[in-house]
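A short write-up of the structure that comes next.
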């Protein structure tokens, strides 16, 4: 595991350097087939990360946002999202992140959420807890949803597809915020946010988050309460405590005809 951690730290450091080199630099933006944006920074970060991992662990598989997936039946798999929050990145907003996870036999062993523009690095290791810039962190102990800080990610998409669920969510919690991408989940792992509902994610989005959140004592599943894996449908809920998780699952499994 020490070699994995050493490689992950090296990959994360280089990703941050590349991201900040391009951040607020007026770089060109292209659109992928799904109309999501991609930049030279996304491509360069993932290319470099893959090269470093493959050089150290040639038998491991890699799944990345920009260059696709290797053999996901292998016992050792790395997951990379070079810039989670490309829209924030290209608009000069600092809430973008580099996401990395290492899985053994389907189990998350090491995850990182690096926020280069904020100088914050969240790390989760199975059995060893989670840290923020080297300091131990943990999820809050909040159990009452009516007193919780709830973030709703991808609210426009969620409202368009599941208006009744969206309506219930915006009436839940004590403090509600609409947001995007990885940072609300990372802040939940650090105890500042109590729960996050997310929508339309890919494995390279949620698997690194899952490793950090679970190491911090939280719960993250799909909307049916199932463990997240490479085949999950992208509807995600994370919560600091089992009580909050249960209450959110009740809302998310409501009789919305589109659920």
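Heads up, the Cβ atoms here are built off N, Cα and C, so glycines get one too.
Cross-referencing 198, 200, 205, 222 against the Mg(2+) binding annotation in TrEMBL, which names 65, 81, 83, 84, picks out 205. Between the candidate binding-site residues, 81, 205, the densest Cβ environment within 10 Å is the one around 81. Most buried of the binding-site residues 65, 84, judged by other Cβ atoms within 10 Å, is 84.
Taking the mean position of the Cβ atoms of 65, 81, 83, 84, 205 as the Mg(2+) site, the remaining same-chain residues with a Cβ inside 8 Å of that point are 80, 82, 85, 86, 97, 98, 99, 182, 202, 204. Taking the Cβ of residue 83 (Mg(2+) binding site) as centre and 10 Å as the limit, one finds 30 other Cβ atoms among all the protein chains shown.
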